[in-house]
Each structure stands twice: as structure tokens, then as C-alpha cells.
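Notes for the one structure printed next.
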């Protein structure tokens, strides 16, 4: 358990980490002090030869952490780290220097001198208490430690304690660690569970359930002990007593794949009378030839003269050779009539022997031949057994067998499926088979009032011989293990731990059957039911009663008030506390206060030092600052210069892809603009061609003749053809556009078609001038 694994580590000689007073630089994120210190918590940076060592206190460090000197050390690839116990040796930035999941103790105050650490245990603590020989304590986030102060004051510790001597007077005295676990589990673990940082309850051996609130099958009691080794079924469960309800039976038929028989030392099954191995391979699971399965599951012998018969009814399906089925009783077969060769009937007690009649054997009442094996019915006082007439003894047991005499059927029948032997008390020729009583049973069945039963009835229990049911004491209605170990009681009393009482004792509750007292869950001192959330009062190690649960602690900002039995809020100055008022703080809620004798007072840190988050102490308290005559380290007070880091390869790739995309968009937009301009020119050209007809065109043609223009030129007074040469008509001052009539005499309509085809092909030819 936890006590044997964790506590010896704390008590052994502390070899984990030790540091003597030396000159160094002590840093937290954002501030460093140069001086001497023997602080242990955190990690030592091994700087290059000749440089002053740097001690890092817990915190988050990055490549931008100030001051500049600390930044230079952290980013120096030649620097290595030597972490204190409980911290990880890592120089990779960002560096989250935090105590691992566990608990540290320090030989000196203010986290100084020798240190020891233990991680979160692997099992819950059970009644463990080990002294803490330390002057400072540290606990990782989201863990809680249960500690005994002085002789019997139980406290909970949530945060580091830089100096035990500054704790409240109410917790003065030697400290002993009782338990350490995470607070990440919801709902909280039971007393047998240990909460891990992953929020799962780790159960002790024998326990089960999400909160370790139950026993595994086959375990019982508040410690979930295994049931007795010689017991198949015990009073199991966390409220069980462990009493054996069904003992282990050696050589049970099931151990050799047998149903109705006895397993021998060689593993072979010896069947009870009337059974044999069936086609399915199950030993003693089928009725043998000459027997039929009765409604009670026994194999009973077929009727007189019958070789085979039907199950349940016993109706004969195959008679002995020469025998015929009886007309009124279908379960028997009648012997053939005994006659001489001339057909004359032989007298009773004789058989036909050719021309004569022979006398039957003296054992026979009737026969088919001279021998004792030829009997068809037996003489008075004898019973038929496998073709032979035998005499039953005074118990009705047939001679030379374990069968019982049936005076009605006149045959020796089986004792039953689970009986290995039987008898009929005071047997006579007038006895009937229903008076049969078993005298022995196959393994796993118990003899009770002449019957073989699988479970002893109420008022009896399995005897020490594991073969018989014995009577309980008169005070018990039911019992187990012994006659006086009552499970339920007579006379309206209640069974409690095997005794009969009038009322249930403390720590128990009346069962739903109102016949016994059941032990409460071990988390509870008293209860209304057997579950771990049905507590009505709590034990000292789990004093907090909340919604039917008994919990070990209040929340971090509360303390347990024994007088009221409830959790009360801490004073506002406390982030956690041990009691009421401002003088019972365990740690301070303000970042500018420190703990002094249980009260939170102004820190008044020296110089520009601050209270270190999570440690509750000024940086200046941990370092004796160097005298003014000592040369200060360069950059120790200088903020880190913010530098732009080099771009990562993926950042460069994204920028390149972005630029390429923008360039592609610009090219597409330009091409679209040029396409629109070409389409506009085509439209204007087409409109000019359309204007070549009508009266204006005839005027142009008239002008050509009047002024002597060449026939290959047309003039458009409107200037709407576009692309031509602009000139004025002499004497008028009017502007005209001279456009070629056609290239080598081709009309403009052909030229326009070519222009449209060129536009569709993606390029526009120049218009001739």
C-alpha cells in the first residue's frame, strides 16, 4: 500500500538534492537577484565556465522572458539544467518549471537545504501516518495532502508552505502525512480509491466501481477480503460477512463432465443406476436401455417383461422375445402360454418341454425354461432383477445391487438420479416404493430427510461432512457455517453478525427484508442503507457529510468545523485555511501578502522584489543580495529586447503562394479588360459598315464623281466609320473620314466577317489605312 511505498522515501537519508549556500543568481520569470542562497526548489542552470550559476524558481520561461541576462542564458545552447527532485530536466523552451504530481519536503525553511520528493502514490492510504521531518513543504497543483498536526488535529494542505514555523498556533506540533491524492475526480473516490490526475479512481485490491465503492465478486467486508478458499459462494459484497453459504465440494460431477454420477480418482464418471453416456458425450446424461425418464428426472426401470419403454409414461415399446404387450397395462409384457407339443396347457410353476411340462426353478413363480434366468415372474418374497429373481434385505435393497425393491412392479428399481444408495424403512412385502429414502447422494447434493437436495432448506445448514443438512439452533430461522451462526432469527428478532438482537447496533442498518442488520459502507459511521451515498454520520478520517457522502476534506477555500459538523468559508484574506478568522490561514489570497503566524500581512519585499506566485515568499527572502561593492552582472536589470523571430518555412511558403495567387488574379483581370476593349472596337466597326447604304451613301458616290475621288475611297460625313484617315473637303471645311473601300478590291462586308473570325480566334488584325 501507499504507506510502504511512499513514506520510507521521505524518512530515508535524503540523497535526492542538496545545495549549500553559494553565490549565484536566483530568477523567476521577469526578475533576477544576484547574491547568495541555499534555495533548493526549482532547477540550476549550468552556465559556461566562469559564469555565475543561475537558479530558476518554479514558473513559465520562454525565449522572451526578462531580464536580458536570463534570456541570454536560457537561449544559450551550451547551457544545461540540473533540476531539483520533483522537477524535470529540460532546457527546451518554453520551459514550464513546475513540481511534478507529488509532494516535496525541505530540511530548511524557505525551500532550502536538502530535499526529498515522492510522486502521487499508486494505491490509496489505509491507516498510514508518517512523521514529516521538514521545515518547508511543497505540493503540486490539484493535489491535496491530509496531515495530522500535534497529537490528533487533522488538517488538509492545498498549497506550499515556505516556513512551517509561520503556520497558525492551532496546528503547532509535529506533522505526520496521512494521505496524498488528486482532486480531479468527480464524484470523489471512496476511502478505498486513489484519485489520479487523469480524474480516475485507482482501486485497492479487491475493490471495484467507478469510485471504488464496491467489492469485486468473491470479496467481502469493508476491506474487500477474498471469500474463504473452501467456499464457492460466501456472503460477499462490501457489507457482507464472508460466511460461507455454499462450500466447495470435492469431486463434483461437473469436474469430470458428468451429470448423474460420481467422479472417480482417475477422472472417470461412474453413473448412478439407470444412466449412461449419451450421443452428445455427456456422461450419465441419458437413460440406459431398459429404463425410461420419469417426470422427476430419474431413470426408472421398465415394466416386467419389457426391454424398452417410452419416457414419462413408461409405455413398453419392445417386449422380451416371445412376450406380448398387456392389453390393459401397456407398461408390461406377458409371457407366452406354456403348453406341451400336443397343445395341452402346462400347470402353474411349469413350462412346456416338448411332449411334457418341466418344473420351473424354485426362484420362479412362472417361467419359460428350467433355469433361474428363465423366470417370467418371481416366487413370493423375491423380486425380478435383470432376469433373475433375488431376495430384498430388510431395507428393501435387492441382493447384490444398490437397487430398491418395488413390490407393485415386481422389479428392482433405481434409487434416483442423485441418490447413490437408498432404503425403505421396515421393509416388507407390503412396502411401497414411495417410502424410499436416500441414504447417500452424489457430490454436490446433500441428504435431508431422505432426499438429495442441492441446497439445504431453511432451518438447516451444510454439515462439516459436506454431505448432509444439519439443523440450525432454535433461535435461528436460517443459519450458515454452524448451528448458532444465524442469518435470520426466529421470534421477530434481527440477525447481526450471526447473533439475534432486538435492534440493530451502531454502524449497521436494518435490511430491506427486515430480518437482519447489515453493516454500513466503510465510508460511513452510520447510514440509512448500504451504498456509499447513504451515510447519516461520518467517521473521523472522512468527517465531511455532503449529500449522503462522507468526504475527507472540504473545498480549498473552506475548513471543517467539528462543532457544527459542516464546512465553513475561510476568511477572505486566506486562499486556504485551517480554521475560522484571519489568524488561521494556510496561504494568502493576495499577491502582496505573506503568511506570518497564520495571518496574512503585507510582504514588504526588499527592493523591487515581489511575492513569488505559488511559493508564498518574496524573492528577496530567498537571496541575500550582493553588497554594493560587488560588480553587478550586465543585463540582470535590463528588459529583454523583443526581436522578430525568423520566419518558419511554412510561413515563407504561404507568403509565396499568396503572392502567386494575387498575380494570377491581376493577369486574369487585364485579359478580361482587353477582351472587352476588342469587343467594343468590333461593335463600332460593324456600325460603320451598316451606314454604307441610303441617301448619304449616294451623296458620297456623287461627290466622288464631282470632285474626282478614286472609286476605292468612301467618305462618311458623320465620322462614324472609325479607323480611317481624317481630312476636310476643299472649299467647305467639312471633316470627312477616308476609309479604304477594300483590300485589293474586296468589299467591307467580307472584311468585317474576317474581323469577327479574328476576334473569335483571340486576336484583332490592324485595319488598313
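Including glycine, each Cβ sits where the backbone N, Cα and C put it.
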Have a look at 627-648, 649-670, 671-692 and point to the one annotated transmembrane segment in TrEMBL.
649-670
Roughly where does the domain 'EGF-like' (181-213) sit in mean pLDDT, to the nearest integer?
93
As a quick check of your reading of DSSP, tell me how many residues in the domain 'EGF-like' (181-213) are helical, how many are strand and how many are coil.
0 helix, 10 strand, 23 coil
Residue 212 (disulfide bond) and residue 185 (disulfide bond), distance between Cα atoms, whole Å:
12
In Å, rounded, how far does the Cα of residue 212 (disulfide bond) sit from the Cα of residue 195 (disulfide bond)?
10
Taking the Cβ of residue 203 (disulfide bond) as centre, how many other Cβ atoms lie within 10 Å?
23
